[in-house]
Each structure stands twice: as C-alpha cells, then as structure tokens.
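Q: Once you've had a glance at the structure underneath, I'll fire off some questions.
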Amino acid sequence: MKGILSHEEADKCLDVLEETYPDAKCELEHKSPFELLVATILSAQCTDVRVNKVTEEMFKKYNKPEDFANMDIKTLEGLVKECGLYRNKAKNIKASSNVILEEFNGKVPETIKDLMKLPGVGKKTANVVASTCFGVPAIAVDTHVFRVSNRIGFVSENNVEKTEKALENKIDRSRWTKAHHLFIFHGRRCCTARSPKCQACPIKDFCRYYEET
C-alpha cells in the first residue's frame, strides 16, 4: 500500500505533470498586479471562467486603484455581482484600493506580508499575486491544490494551512509556484472532485488514491 510520497517521488511526479501541462500558469486574465489582485479577490468560491467574463468588460474601463477607490459601492457591487458574495467582494476591492493609494503609493505591495495588510486579502490571495506578479516562491492552496496534493499522497493533512506547510517541506522552493499551477491544471482537467479520470491519469502510478480504489 502506498503511503506519502518521498521527496524523490514527489519530484518525479511533478516532472510528469510538467510534461503533461507544459503551459500551466495562472488562468485569471490580467495585465497588471492590480488587475490580478482584483481578479483573485473575485475568484473566491467562483470559477476563473466566470471571473474572466466579468473582468474582461470591467477592466476595459476600470483597472487602477483610484478607479475603485472613488467608485460608488453600489456601482461596484453591480459590476461584480455575477461572481457571487458580491457585497463583501466589492467592499474589499474598494477598501484595498484605498489602502494601496494611501499606504503603498498607488502600487500593489510585492511581499506576502504587505499584501496581507490589504482588506480581504488572505494568505492564498497574497501567495497568488506575489508568486505570479513578483516572482516570490509560494504555494497558494486553493480547493484544487488541497484536493490533488492530499489525494495523490504528496501530503496528508486536514486543512489548508497544514497542507501549505507540508507542501513547502516536500517540494523544492524553486518549484513551489509551478507546482501550484500544475496541481490546479491537473485538478481541473483530470483529478476532479467527483468522478476523477483515474484511468487516464498520467501520474496514477504515484497515486495512493488510485491504488486504494
């Protein structure tokens, strides 16, 4: 019976995933760190496809912190309504825009610590923005990363925080950001929450879930 993957096995597994998904990257459309910040806030409990549909139009007209800081909250709520949880998301986008203008000279902060000072920005959002836009090594644990990494056997943890720490210990720092994207690509295309495509999976030989089922 397979247990947790060793460092060597984890490396080999990531090699296969890299061969399978050579173009794995952030799928939230953005042209600036600020646009990615807004898109990531909107992505909570919402698909990237829906977020991209909303931001494609919104960013044509509004794409800077001052645009949202000065915007009427009801107007902003209307713009992001399709993403769900829209009142809270609109409030956080507006508040974060104000903090960026007042405390960071109008520029999105580049460190995870500073990003987490923005209203509504938790570790996952900070990791996504810092790693994608500023090259900071990070593993943002969303629902796909959590499911795939625990299901395969990279780690065996029961919450997001423990999963992030365990993955950081298991995977070389140089591969953290790429691993994050690979887990998401694999989770969306093969290792789905329901009815995963195990027979077609390129890493089934590494997977404890496949062996157990």
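Just so it is clear, glycine is given a Cβ too, placed from its N, Cα and C backbone atoms.
Annotation source TrEMBL lists [4Fe-4S] cluster binding site at CYS191, CYS198, CYS201, CYS207. Residues or ranges marked as domain 'HhH-GPD' in TrEMBL: 42-189.
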Q: For the domain 'HhH-GPD' (42-189), DSSP counts of helix, strand and coil?
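A: Going through the domain 'HhH-GPD' (42-189) residue by residue, I get 103 helix, 0 strand, 45 coil.
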Q: Which residue, out of the binding-site residues CYS191, CYS198, CYS201, CYS207, shows the minimum number of other Cβ atoms inside 10 Å of its Cβ in this structure?
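A: Output over binding-site residues CYS191, CYS198, CYS201, CYS207: least Cβ neighbours within 10 Å is CYS198.
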Q: On the 0 to 100 pLDDT scale, where does the domain 'HhH-GPD' (42-189) sit on average?
A: 98
Q: Near the [4Fe-4S] cluster site, what residues other than CYS191, CYS198, CYS201, CYS207 in the same chain have a C-beta no further than 8 Å from the centroid of the listed C-beta atoms?
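A: Output for this site, in sequence order: ARG151, ILE152, CYS190, PRO196, LYS197, ILE203, LYS204, TYR209, TYR210.
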Q: By the DSSP assignment reduced to helix, strand and coil, which category contains CYS198 ([4Fe-4S] cluster binding site)?
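A: It is helical.
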